[in-house]
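Worksheet for the structure shown next.
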Amino acid sequence: MNKAPQPTGPPPARSPGLPQPAFPPGQTAPVVFSTPQATQMNTPSQPRQGGFRSLQHFYPSRAQPPSSAASRVQSAAPARPGPAPHVYPAGSQVMMIPSQISYSASQGAYYIPGQGRSTYVVPTQQYPVQPGAPGFYPGASPTEFGTYAGAYYPAQGVQQFPASVAPAPVLMNQPPQIAPKRERKTIRIRDPNQGGKDITEEIMSGARTASTPTPPQTGGSLEPQPNGESPQVAVIIRPDDRSQGAAIGGRPGLPGPEHSPGTESQPSSPSPTPSPPPILEPGSESNLGVLSIPGDTMTTGMIPMSVEESTPISCETGEPYCLSPEPTLAEPILEVEVTLSKPIPESEFSSSPLQVSTALVPHKVETHEPNGVIPSEDLEPEVESSTEPAPPPLSPCASESLVPIAPTAQPEELLNGAPSPPAVDLSPVSEPEEQAKKVSSAALASILSPAPPVAPSDTSPAQEEEMEEDDDDEEGGEAESEKGGEDVPLDSTPVPAQLSQNLEVAAATQVAVSVPKRRRKIKELNKKEAVGDLLDAFKEVDPAVPEVENQPPTGSNPSPESEGSMVPTQPEETEETWDSKEDKIHNAENIQPGEQKYEYKSDQWKPLNLEEKKRYDREFLLGFQFIFASMQKPEGLPHITDVVLDKANKTPLRQLDPSRLPGINCGPDFTPSFANLGRPALSNRGPPRGGPGGELPRGPAGLGPRRSQQGPRKETRKIISSVIMTEDIKLNKAEKAWKPSSKRTAADKDRGEEDADGSKTQDLFRRVRSILNKLTPQMFQQLMKQVTQLAIDTEERLKGVIDLIFEKAISEPNFSVAYANMCRCLMALKVPTTEKPTVTVNFRKLLLNRCQKEFEKDKDDDEVFEKKQKEMDEAATAEERGRLKEELEEARDIARRRSLGNIKFIGELFKLKMLTEAIMHDCVVKLLKNHDEESLECLCRLLTTIGKDLDFAKAKPRMDQYFNQMEKIIKEKKTSSRIRFMLQDVLDLRQSNWVPRRGDQGPKTIDQIHKEAEMEEHREHIKVQQLMAKGSDKRRGGPPGPPINRGLPLVDDGGWNTVPISKGSRPIDTSRLTKITKPGSIDSNNQLFAPGGRLSWGKGSSGGSGAKPSDTASEATRPATLNRFSALQQTLPAENTDNRRVVQRSSLSRERGEKAGDRGDRLERSERGGDRGDRLDRARTPATKRSFSKEVEERSRERPSQPEGLRKAASLTEDRGRDPVKREATLPPVSPPKAALSVDEVEKKSKAIIEEYLHLNDMKEAVQCVQELASPSLLFIFVRLGIESTLERSTIAREHMGRLLHQLLCAGHLSTAQYYQGLYETLELAEDMEIDIPHVWLYLAELITPILQEDGVPMGELFREITKPLRPMGKATSLLLEILGLLCKSMGPKKVGMLWREAGLSWREFLAEGQDVGSFVAEKKVEYTLGEESEAPGQRTLAFEELRRQLEKLLKDGGSNQRVFDWIDANLNEQQIASNTLVRALMTTVCYSAIIFETPLRVDVQVLKVRARLLQKYLCDEQKELQALYALQALVVTLEQPANLLRMFFDALYDEDVVKEDAFYSWESSKDPAEQQGKGVALKSVTAFFNWLREAEDEESDHN
């Protein structure tokens, strides 16, 4: 708990010259500051508890409440006089109780002789005084009175304010401590001078001994307190020596500060209403010293009250309660103001009687500070006037004239609505004008009026807050109060019965009368309190209860009858706080003075001896074993079934009154109230527990009861509800539970727009994931169309799509090119932001932010790795350490892969111009600064990807710096060899002008994968044939030798198969045979095989082989092409040498672009083969580029007996195998560029330019690169490579390449001669290509057609030039027809015919001699080229698919039937209009537009009704109707035969009279094989329709 430790010490030393009582060990003598020397009392510390500080010493532990209530006198008993009091002997227990006493308005100053110290005493320093020293007042010494101090209650969650002025002390008998919250404690009073004799009975019965203090008695007030508690009575309290002495020496004749009741409205928790200052009347036999508190005010909830002080005069014991006249002393003014924000200095009250003038006029106490603190400057005059003589006090003794004194000390509990402290009234007459904001004294002298009534005190809630703000002033006031405190001794008087009754009531309600001075700085405590640091276990008061705040002050006019009745009234508030627990008041009424449950030892902590430590023996503690509190489960403990707490749920210990539960749920009471401990039952004990109105005491916010101060707990108490296992426990059901789509009802689907949007968003994400999973280079175009059709219209959806694409891109770096291209297509996508719909955010910005976030994620990854490394190092076992090590390695590997994937993706984005060079340079610099391996690896990946784009003339100095740094890293050898080699590879790549040694290992197309699979299967088949042929050869007994001599096709160059196999049982090792047939398995010097294999796939389908054959035999066993006609070779005789040579020769055509060195290596290897003679001659051909025609002629001469099919296949193989060999030629590093590039250099650079252009589609950069070649005479190589590299790629790639060539021609960088020369080399082989590429003419047309557009080559010139190499082969018209067809699609037949005629072209130029032009034109449908006939549109351009698209566009645009008629008449001739093609296209389009694409699919009959006239016009007979039904059948099959769709169409068509019955029957019985797809399912779906049709006919026939 947050209470300051206060050690218990021995009794204080005796002060010289003062009579001191003897105290038992552990009990500190009370102190009264009456010595001339201003000695501060320092009481040994003791453990603090909750409750009022001044009563702490007399409370037992909160965990030890009395088991039964002690009997006491009813609070309503009238006040009665007691026996004559006596002067306290030295050993009597006395205590100073600060109290606000009202006097007559005598303003005369008084002088107390012997008081030579300052008015104020420092509250924090207290010194022991030797007992027995002579004092100024007879029978009293400073040790007999506890210093008055504000108690610090760490257990109470209230605001505490510093005390600034010690109230006037009044010496009185030591009252028993009020029981803490919920405690039922019987207070025992023992006399230490009589050996600890219990004198409680004597005190409570009215008798007294010579050494026993007599407690005062207070009357109860019928007025309710602001917090709903009943008025409190004064209690007998032992002096608290910890607090500072109160100051004497007030200002005679000066009233206290004005303080009107309504001057302050406080928002905090209420305090009891202050009572008017009591007026002491003569008649007291003992001397009562009243101290005037000048200057600063107390800060424990007190409001300054002004009373006139009387100089204490020594009286003899036994005299009645009167004030002896003292002519030299003025009637003292008691000004006591206590607030709870700081410790309250404990004032001591003298036992000498007070002389109060009858002419006293009550003064209003006015608080000038917000918290009720009197400014220090106002206090100085009081100190100075304390020495003035006072008028003689009144001597008559009249207990009835005593005015009630409001309690002065009010602990923090009361500030939050706790019961007001008991007040001792010195007169039954109260002063109403002082009622509002005064707080009466917290203690009285024990010899005060026999029946002083109680007046409630009040400290409004706002005062508490304002008091907290004035801590500095209050502390200053404390210091001043030490200077002026003077002591007035008091004598004890007998205690009437009513006083004992009121005492018990006060004890039960736990109201402090004297609050000890706190020891720690109040500001610190207030700060802790503000944030809830102070013992939360006792914070049960809701500090902000509106009902309590607005409570008006009550109890200002208590009459004797009302004060004595002590009948609680119903409070207006709905919640009560801490010490206002009703059960305490209830039990306090039944406390008997002579009863006490627990017996305490003399040196043990007990209500009367709070100085001792809380030490208990075994027997004492075992007495609490089975009490109710011991059976309660503390807060915060784990659920243990053995705890008896659950019994409270099943058998409540008390009968619950619903009226007492206004803020909480009715149920078992788990309150660990200490007042309930040991109580047999609470259900039938008088009025309900609680204060007025029976309200249940609650903790903070009414959430639960307050807890003991013995241990901290949370502010709110958890109520554990009982669980009855027999009940049917219902589980919580989510309002929006997830359901599978198949089980979702219509209501679920219509659950609001937000759910609909969320569902649409998730559906969008699912579709994007599906598209990304399918994304391949081959599927890119069609998948991108799907992506562009997606509804990405919100920021959330856009971010989600970006995250999906990004995660996919970095997780699959091999596909980063495709993902980057997808991002490029979506770059312009913009959506409005969520916060500001008027502001848009685009795809590119969000994507770059995502890339940057991932790029800069390394710091977070490092932190995670360090944490995992630390966990691994701290692992206890080797097994755990191994597991953590695996996790760490896995995390690092994942982070590394993500970093590399992100770098690759960033590079691809840069290549697509989505990132700027500055960003990339920043990335390079950042990676280069970090010398860790991950960063360097990312750097190598990045430079490999984008180095070529960054390394241009302007950026060369910067790139040089990068590479110098990389060279330095390599030389330092501080990194691993793997990283150094990667860096070296990048350096080599730059030296080779960024031309890689190997091709880009991108993903393969599905067609390529299928072809490779077919090829592998074909290889295996050839192996089997070779083995079979070899086996048959051996059986013939032929001598082993080179296969060229025997015509076997399986011989390698190395001649391994020439080694004879011994006859016998030696088994054949098939694995070794497989190795023999594999290229490169024999020749150990085959260094060029691997590069060729790595590069072969990079050209896509045109690359073909996937491996570069290194010798002749490998070409025979594993063809380098994907020639699907290569299976024809298997049908030829194995002995046919020419067939073998055909396949071998294909490799030479691929080698023609090699350098001399590469060719020499190949020659050297070929010489080791059996047929090296033939290959040697052919391999020594010059290394110049030869025309394709010459090569074809040479091949034709070498193979005269070769079949035509194989010749074409071989020529195609040679052509397609050329590129891999050319790529091999790029392997050696290229020397720095020369003024004139060689053929090989131009070829290499041309390949790089073409690949880059096809990848980036950057026309401007490609033109610039071609210009930089500076070899205009060799640009035909660029043209040839451009055509070859795109011939088997996509249509878009060919169109792009054609546009690039057109741009080069228009810009003048490429001459027409160079263009034609490059085109010739390809066209010469076109005939051979047609075998492998049936659509080769269309593909060539797609490459050539862009040349004819916009300032290109004239049509006549182009057509005549491109047909030159094709006329001998008779293929000129094939290419021209494809070109004209493409031109008609873009320009229209009319314009194409006009261009043809303008160019002066004639078909006779291109046809073979003797071929009829007219028949050719009619057959090929190119009449538009013959003049007027071209006015009719060419029918070829409106084939079924094109016609369907045009009609679909018209219908989609909402065109009317007449518009469709007009379009058909304008674009189709009569033959096409009458054809089945139009009918099928029209039927398909109309029916498709009538489908409602929902689940399930439905037919929009209205659309068919509108379009019925359109269909009826062209479905003019049964045959046309049948064709229309066929088209409808095909459409339904395309849609995967949706249920009932065809039946709905049939019904609509029949109803609209579009199709007649005969046509339906004809369709049903049709056996046309071309229309049988899906016919069975379609017939089954319309069976009901035909049944109905037949029934309708039967009915019609019956009617007829």
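Just so you know, glycine gets a Cβ as well, placed from its N, Cα and C.
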Listed as phosphoserine by Swiss-Prot, one of S314, S1096, S1110, S1430: S1096
Position flagged as phosphoserine [Swiss-Prot], chosen from S347, S1065, S1189: S1189
Record feature phosphothreonine (Swiss-Prot), assigned residue among T214, T273: T214
R1046, R1094, R1360, R1459 - the residue Swiss-Prot records as omega-N-methylarginine: R1046
Record feature phosphoserine (Swiss-Prot), assigned residue among S102, S673, S1211, S1565: S1211
Of 107-118, 131-142, 335-346, 611-622, the range Swiss-Prot labels region 'EIF4E-binding': 611-622
Phosphoserine: annotated position in Swiss-Prot, out of S15, S352, S427, S460: S15
Stretch-averaged pLDDT - the region 'eIF3/EIF4A-binding' (686-1089): 75
Which same-chain residues, if any, lie at least 6 apart from S1238 (phosphoserine) yet have Cβ under 8 Å of it: none
Residues of the region 'EIF4E-binding' (611-622) by DSSP state, where helix covers H, G and I: 5 helix, 0 strand, 7 coil
